[in-house]
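Feature annotations, courtesy of Swiss-Prot:
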| type | residues | note |
| --- | --- | --- |
| TRANSIT | 1-35 | transit peptide |
| DOMAIN | 36-306 | domain 'Deacetylase sirtuin-type' |
| BINDING | 57-76, 139-142, 248-250, 274-276, Cys292 | NAD(+) binding site |
| BINDING | Tyr101, Arg104 | substrate binding site |
| ACT_SITE | His157 | active site, proton acceptor |
| BINDING | Cys165, Cys168, Cys206, Cys211 | Zn(2+) binding site |
Amino acid sequence: MILLPFHTRRLVSHVYCGLKPASKKKGIALEMARPSSNLADFREAFAKAKHIAVITGAGVSAESGVPTFRGAGGYWRKWQAQHLATPEAFARNPSRVWEFYHYRREVMLTKNPNPAHLAIAECETRLRKQGRKLVVITQNIDELHRKAGSRNLFEIHGSLFKTRCTSCGSVKENYKSPICPALAGKGAPEPDVQDAKIPVEQLPRCDENGCNGLLRPNVVWFGETLDSNLLGEVEKELEICDLCVVVGTSSVVYPAAMFAPQVAARGVPVAEFNMENTPATTSFTFHFQGPCGTTLPPAIARHETELIS
């Protein structure tokens, strides 16, 4: 499946495909569509769940001070992320794109998981001891879930700290700072900063024997296909989960935008934790508005029915 910005109308029409026509009593239909914010009811569903799928987006990392590059202020220099995170942008100007990703890597090396990341990781560990399962499906490329201790983790859009050779295809972890000498001190995000225009031969290169090919970030760019094997594993998890928790995602990037609505269409409870409503909010059972680091931890903390181990 290809990574695309997802148009609101397309999402809503797909979510409601196959449902009965809306009632002519519009007030009643709207009332039925409104998700609950009753924490006790969510906690009851949480206590019963044996297989929980947690889907996370940029909002969960924003509280760690990670730039989201979305919304009105979502610019790096003069560009929005969707204008840099494409194969075409890299082909046209690999120096500029590498500056952008070098900046993001350097920022992330200074950031730590916040209470939401830690609560998810702790919950996974706790439930594992009870014979229950929690998996994390994240759109984020910052590795904060990994840093927090999440093990059942699907990073569907890749990682800032992995590179892929454009020649031999080799994928490797890379935590170097800077990633190459020419990028040292480069990547400042202010709009008046000029491009470094680094010669391509000085950009990150492959260290496989005899290759020396140009490296690129091992992330999924807009217009690229997600790893089919990874996506297949994710789909299996979504097909068997009995509770879905959506944290800090805008629900506008396809295909991840469809994950939770598809779970909801099975009649499985879905809870959204976000700073604001999203195009998918009305298809969910629960919606808890506010900072994820505040709203999520008490929601997935140890339930009174859980055995202490």
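Placement of Cβ uses the backbone N, Cα and C atoms for every residue, glycine included.
Overlay of Swiss-Prot annotations on the structure.
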| residue | record | DSSP (3 states) |
| --- | --- | --- |
| Gly57 | NAD(+) binding site | coil |
| Gly65 | NAD(+) binding site | coil |
| Tyr101 | substrate binding site | helix |
| Gln139 | NAD(+) binding site | coil |
| His157 | active site, proton acceptor | coil |
| Cys168 | Zn(2+) binding site | coil |
| Cys211 | Zn(2+) binding site | coil |
| Gly248 | NAD(+) binding site | coil |
| Met275 | NAD(+) binding site | coil |
Of the binding-site residues listed as Ser61, Gly65, Phe69, Arg104, Gln139, the one whose CA lies nearest the CA of Cys206 (Zn(2+) binding site): Arg104
Distance from Arg104 (substrate binding site) back to Phe69 (NAD(+) binding site), taken between C-alpha atoms, in Å: 11
Residues near Ser61 (NAD(+) binding site) in space but at least six apart in sequence (CB under 8 A): Thr68, Lys111, Asn114, His117, Asn140, Asp142, Leu144, Gly248
Nearest-integer angstrom distance between the alpha carbons (Cα) of Gly57 (NAD(+) binding site) and Cys168 (Zn(2+) binding site): 31
Cα-Cα distance linking Gln139 (NAD(+) binding site) and His157 (active site, proton acceptor), given in Å to the nearest integer: 5
Alpha-carbon spacing, Met275 (NAD(+) binding site) to Cys211 (Zn(2+) binding site), which is rounded to whole Å: 46
Three-class DSSP secondary structure - Cys206 (Zn(2+) binding site): coil
By Cα-Cα distance, the member of binding-site residues Tyr101, Cys165, Cys168, Cys211 nearest Gln139 (NAD(+) binding site): Tyr101
Shortest C-alpha distance to Cys211 (Zn(2+) binding site) - which of the binding-site residues Gly65, Tyr101, Arg104: Tyr101
Inter-residue C-alpha distance, Cys168 (Zn(2+) binding site) and Arg104 (substrate binding site) (nearest angstrom): 25
